[in-house]
Amino acid sequence: MASISDSETTNHGSIWDLDQNLDQPMDEEASRLKNMYTEKKFSSILLLRLAFQSLGVVFGDLGTSPLYVFYNIFPHGVDDDEDVIGALSLIIYTLTLIPLMKYVFVVLRANDNGQGGTFALYSLLCRHAKVSTIPNQHKTDEELTTYSRQTYEENSLAAKIKRWLEGHVYKKNCLLILVLIGTCTAIGDGILTPAISVLSASGGIRVQNQKMSTDVVVVVAVIILIGLFSMQHYGTDKVGWLFAPIVLLWFILIGTIGALNIHKYNSSVLKAYNPVYIYRYFRRGKSESWTSLGGIMLSITGTEALYADLCHFPVLAIQIAFTLVVFPCLLLAYTGQAAYIISNKDHVVDAFYRSIPDTIYWPVFIIATLAAIVASQATISATYSIIKQALALGCFPRVSVVHTSKKFLGQIYIPDINWVLMILCIAVTAGFKNQSQIGNAYGTAVVIVMLVTTFLMVPIMLLVWKSHWILVVIFIVLSLMVELPYFTACINKVDQGGWVPLVVATTCFIIMYVWHFCTVKRYEFEMHSKVSMAWILGLGPSLGLVRVPGIGFVYTELASGVPHIFSHFITNLPAIHSVVVFVCVKYLPVYTVPTEERFIVKRIGPKNFHMFRCVARYGYKDIHKRDDDFEKMLLDRLLLFVRLESMMDDYSDSEDFTMMEEKTQGSSNALLLTGKAGSNTMCSTGDLSYSSQDSIVPAKSPIRGNSLTRYSSQTFGDELEFLNLEFLNRCKDAGVVHILGNTVVHARPDSGIIKKVAVNYVFAFLRKICRENSVIFNVPHESLLNVGQIYYI
């Protein structure tokens, strides 16, 4: 392997000017009307149907909380009825302020084209302000139909906030760290939710048989968890239709049982709806009441998952489901349990199961277990989605992402993460064996994610919504007034199980931040080390090499410039393919890039060099699937570009053109071709409309993007065009080779000890255990050529 140092970086003077003239980044495309995402209008019947379906996806975790809340509030039993009333009052108003007021009616509106979660908020901010730490975006990316953002007046508060965020690198890093903290803690939820939900549901088998050992309950829970994680690779496509009926039946059951218990045991518990009992609760219990907030916090677990699992359900459907079904049923369930506990103070440990009438006990137990499985499945799926988003934004090591459904884009499975989650989940379940300590861990994880969301909502409200600063202050003050006391109570229980999410989150944070840091530094190094076009031109059309038949795809992270891997390759192996295509696969801060807008193709240098660049753009929900035939799509776009470029020769003297596919009115497969122009003359030829100042837009493309065909000179009437296309087809028939860089990254000798450990050991270890680029890009092994290099960052 060759070694590269930082001294080989920039070019200056005439060479730099020549390089800029011959190898500009993608030109800005002509402005056009974009199909911006807007909330779709649904009929009333369809809206109710979607609200019903959202129950099984969004609310499972929140709905299973009554299984374990009161036990975690009063782990040592209840002495006074007033304590139960005060705790119930806190539950009622916590449910009202956080899930209902904050999330359902405010935070859900901050979705990224139907996608929720911490990274969705970060993507919104990256589009509205230049806060991304990987500088691989270009203004052409802003022309995507899914790339929506606001414009600001120069002296507006939003413009000042935008400039402040963009002002210094450390502010961008602080924002990224905040996002990673929320993401890492949310991953911890993926471990704790299945553990506490399944363990609590399984505990019902012991209520009817008090002689049964606790170990039996743990074994049953572990068996269920193993089965749950082992079935993940099948996806939920075939059984997903059962989730909504199960969860709806669960909510109806707990609501009905709660109402019966209120009537049967103690209807005076309804006075808990008077918030004065919250004050009395704290005045009487003082430090013990404050400590119990960690248990009360569990009543809103699943609220953050409610936002992360948005899954393209319209916000209105989720609002309907929560306000009409979830919220009232939860209030009845908690109120009924409180009424039962007041009359049976010794049964607080198993209050939920003991309050069930004997005639329906086992059916309710079965539904409870199924509801716990559904809640766990939703959280596991949300964890996959979070990791996929982090992977797309360069914040997670490369892992294999598998589609489990041909119908639904969002249903994915990550094998490596699945088994790690299963092992950790079983370890937590078997290690703690009781709901109390797992509950302490769970509460800590949930409140941290909520605080991160609160802080991220501030720039969202200012930049995206352009809200008045007074409304922003009201939102953050009310949110922190509720969340900070819960946070302090949960942190106080670190030694009682609360350390688990902190350890998990810290480990994930180190992995994600080190990976992102080294990814950014490697990208910056490649930018500084790219080869000048003057050097390429000096080699001549043959590049000073033997041009062998075939097409070489050179993969690079650079969207402009010739990567150093190319010069390293031809220096050590003086032969290159007849056609060279530099392929840049990059992810943008959008949820998806439409297939017809995915590729940008450009020629590099004179035509007789036969060098091209292709940028393939993806959103954080898009996936490289094996059946996509990425290689074939690249070749199709390359042939189409050459044909359209030939058509432009009659109208422009320039040899530098850019082709970008886009949606246009009346044709979903229209293609946009832009180039340098010398006049403002309007011309037309056949189906082509051309303005030399703007663009060429074929309304109906004569070439289909999904087929490679032979072209005759009679078809195009242009011999040069025919020869170019025949040349490309012959090269394609000769074979395609994928050239990937296999770089080893080391810290520079003068680096500090922390950086050396992070780069030379942590990052190196992650590179060894993660998937290779060839696997991620689905490159055939027989067509793969790795080029080794060493980077010092």
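Positions of Cβ are set from backbone N, Cα and C atoms, glycine also.
Relative to the membrane, A201 and Y273 are recorded by Swiss-Prot on the same side. Packing against the transmembrane segment (360-380) from elsewhere in the chain are residues 56-58, 60-61, 63-64, 67, 189-190, 193-194, 197-198, 200-202, 204-205, 208, 224-225, 228-229, 232, 236, 243, 246-247, 249-250, 253, 257, 302, 305, 309, 353, 418, 421: each is 6 or more residues past its ends and has a CB under 8 Å from a CB in it. If one looks beyond the transmembrane segment (88-108) by at least 6 residues along the same chain, the residues whose Cβ comes under 8 Å of a Cβ in the stretch are 62, 69, 116, 269, 272-275, 277-278, 281, 293, 296-297, 299-300, 303-304, 306-307, 310, 315, 318-319, 322-323, 327, 330-331, 334-335, 338, 450, 453, 457, 475, 478-479, 482-483.
Geometry remark: N434 (N-linked glycosylation site) versus N266 (N-linked glycosylation site), CA distance 29 Å. Cβ neighbours within 10 Å of N266 (N-linked glycosylation site), excluding its own Cβ and spanning all shown chains: 20. For the recorded site, N266 (N-linked glycosylation site), the DSSP three-state label reads coil. Below 8 angstroms of C-beta separation, residues 68, 71-72, 75, 189, 192-193, 195-196, 199-200, 203, 214-215, 218, 294-295, 297-298, 301, 486, 489-491, 493-494, 496-502 of the same chain, each at least six residues beyond the ends of the topological domain 'Extracellular' (433-444), sit close to that stretch. Between the transmembrane segment (290-310) and the transmembrane segment (55-75), the number of CB pairs under 8 angstroms, six or more residues apart, is three or more, so the stretches are in contact. Confidence for the topological domain 'Extracellular' (433-444), expressed as mean pLDDT, is 86.
It is 239-259 that, among the stretches 176-196, 216-236, 239-259, 412-432, 497-517, forms the most Cβ pairs under 8 Å with the transmembrane segment (55-75).
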